[in-house]
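Undergrad: Found this in Swiss-Prot, in case it helps:
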- Arg20, His131, Thr351: substrate binding site (BINDING)
- Gly106, Tyr107, Ser178, Asp203, Glu204, Ala205, His206, Thr234, Phe235, Ser236, Lys237: pyridoxal 5'-phosphate binding site (BINDING)
- Lys237: N6-(pyridoxal phosphate)lysine (MOD_RES)
Amino acid sequence: MLWEELHAHIEQLAEKAQKRTLIQAESDGCFIHIDGRHLLNFSSNNYLGFAHDERLIHASMEATRRYGVGATASRLVVGNHPLYEQAEDALVRWKGCEAALIVNSGYTANVGILSSLAGRDAVIFSDKWNHASIVDGAMLSRAEVKRYRHADVEHLETLLKKAERHKRKIIVTDTIFSMDGDVAPLRELVVLKETYGAMLVVDEAHASGIYGEKGQGMAHELQLAQHIDVHMGTFSKALGAYGAYVAGKRVVIDYFINTMRPFIFTTALPPSVLGTICTAIEIVQQERSLRHHLHALSDYFRTHLQQAGFDIGQSTTHIVPIIVGDNERALAFSARLRERGIVAVAIRPPTVPDGTARLRFSLMATMTKEQLDWAIAEITAVGKEMGLIA
C-alpha cells in the first residue's frame, strides 16, 4: 500500500536522524520566541534586520490600504501592478543593468532561469555545492549537467574542454554558498566563461544587500558585474521582504518573460510585498554602516570560534558553520545550545554532503558584540562538554 511505503520512508529518515519537523517560531529582532522562550537567533537570513524595520512595515501597510490584498492574476494576464514597474526600474538603477524581472521566489527564479536558457542542446556546469534550486533547475532543463568539484576551477576547465563545441554552455554558481559561507571564485569563472564562450549565471541570494558599495552583491564588490550574463538575487534575506529578481541585458529579460514557466504560470506578488520591495531597494543602498557592522561582527565571531578549536570550514562571510560530522551530534549540539538560550539549527544530509552535518550560524547586523561574546562562551562550553573541542 502507498501509505505504508510513505510511512516506511519517514521511519527510515528518523533512523538516520534526517527526519524534519516544523517548529513554531516568532522572530523578534535578533531574538526568536520558541515554546515560550526568548532565544538569541543564529538561524535567520534577516541579515540587516530589515524584516522588522518600521520603514518597510509602513510601506507594506500603505500598499495594502491603497491597492488591496491580492494580485488577482498572473503578471501576463492582469496582475502586472504598477508597483512592479516601479520596483524593476529601481532594480535597474541599483544593479546597473539594462533590465530586470521580479519573480516570486529564489527557488522559482533559478528553476526558471535554467529551464529557459538550457535544453537538450546545452551543457550546464554547476558547482557541486550550489543551492538545491539550481540543482533542480538544471535537472528540469533536460540539458546535459556537469557538476564540478566545489570552487575547483581546474576541474571546471577540464569539463569545459570536453564539452561538445556546438552546445550552449552555461556556468552557474552561488556567489556565497548558503551552508558554508565561502565565496565562489568569480574572477576565475569570468576568465573561463570568456575563454570557452559560456554564459555565466550567478545566484546572489546571500550577498544581495551585504556586499558591494550599495549592497548590489558580490559581483559588484569584485567589480565583475559587467561580465555576468544573468544576475539572480532575493528580497527575502538581507532586504527583509519576499520574492526574487533576475537582472541582465534587455534581450535576456524579454526572453524570460516569454519562456520562464515559473514566471508565466504563477499568480503575481501582492501589492504589500511590492511596496516593501520598493522601499527595501531604496534604503539598503544607504545602509553602508549596517553592512560594515555585520562584516565586523562576522570577522569577530569566526575568529573566536576558530581560536576555540571549532571547524568552520572555509567561511569568510556572515554565514559560519560549525562542522561536527554525524547527524546525531549535530542535533544534540543544537539541542544543548537551545537549552542555553541560542538557536542554531542542525543542517544534515541531503542538504550538505554525508559526514558533514553542521550547525549553521548566520549573523545579523542588529546583534551586538556583547551578545556575541556571551554566545561564543556558551558555544565553547557546550563544544567542550560534547568533546567537539579540547
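Note that Cβ sites are derived from N, Cα and C of the backbone, with glycine treated the same way.
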Undergrad: Taking the mean position of the Cβ atoms of Gly106, Tyr107, Ser178, Asp203, Glu204, Ala205, His206, Thr234, Phe235, Ser236, Lys237 as the pyridoxal 5'-phosphate site, which residues outside that list, in the same chain, have a Cβ no more than 8 Å away, listed in sequence order?
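TA: The surrounding set, listed in chain order, is Asn45, Ser208, Met232, Gly233, Ala244.
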Undergrad: If I take the Cα of Glu204 (pyridoxal 5'-phosphate binding site) as reference, which of the binding-site residues Arg20, His131, Thr351 has the closest Cα?
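TA: Looking at Cα distances from Glu204 (pyridoxal 5'-phosphate binding site), the smallest one goes to His131.
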Undergrad: Between His131, Lys237, which of the binding-site residues has its C-beta surrounded by the fewest other C-beta atoms within 10 Å?
TA: His131
Undergrad: Rounded to an integer, what is the Cα-Cα distance in Å between Gly106 (pyridoxal 5'-phosphate binding site) and Thr351 (substrate binding site)?
TA: 16
Undergrad: Which one is it: of the binding-site residues Arg20, His131, Thr351, whose Cα lies the shortest distance from the Cα of Lys237 (pyridoxal 5'-phosphate binding site)?
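TA: When the Cα distances are compared, His131 comes out closest.
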Undergrad: Quick check for you: of the binding-site residues Ser178, His206, Phe235, which have their Cα within 10 Å of the Cα of His131 (substrate binding site)?
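TA: Hits: Ser178.
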Undergrad: Of all the binding-site residues here, Arg20, His206, which one's CB has the most other CB atoms within 10 A?
TA: His206
Undergrad: Considering Cα atoms only, can you say which of Ser178, His206, Phe235 is the nearest neighbour of Arg20 (substrate binding site) among these binding-site residues?
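TA: For Arg20 (substrate binding site), the closest Cα among Ser178, His206, Phe235 is found at Ser178.
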Undergrad: Round to a whole number and give the Cα-to-Cα distance in Å for the pair Thr351 (substrate binding site) and Phe235 (pyridoxal 5'-phosphate binding site).
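TA: For Thr351 (substrate binding site) versus Phe235 (pyridoxal 5'-phosphate binding site), the Cα atoms are 22 Å apart.
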Undergrad: Non-local Cβ contacts of Phe235 (pyridoxal 5'-phosphate binding site) (under 8 Å, 6 or more apart, same chain)?
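TA: Residues satisfying the criterion: Ser208, Ala241, Tyr242, Gly243, Ala244, Tyr245, Thr276, Ile277, Ala280.
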Undergrad: Show which residues of the chain containing Ser178 (pyridoxal 5'-phosphate binding site), separated from it by at least 6 in sequence, have their CB under 8 Å from its CB.
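TA: Ser178 (pyridoxal 5'-phosphate binding site) has long-range Cβ partners His131, Ala205, His206, Ile319.
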Undergrad: Taking the Cβ of Thr351 (substrate binding site) as the centre, count every other Cβ atom within 10 Å, in any protein chain shown.
TA: 17
Undergrad: Over all pairs in Arg20, His131, Thr351, the listed substrate binding residues, work out the largest Cα-Cα distance in Å.
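TA: Taking every pair of listed residues, the largest Cα separation comes to 18 Å.
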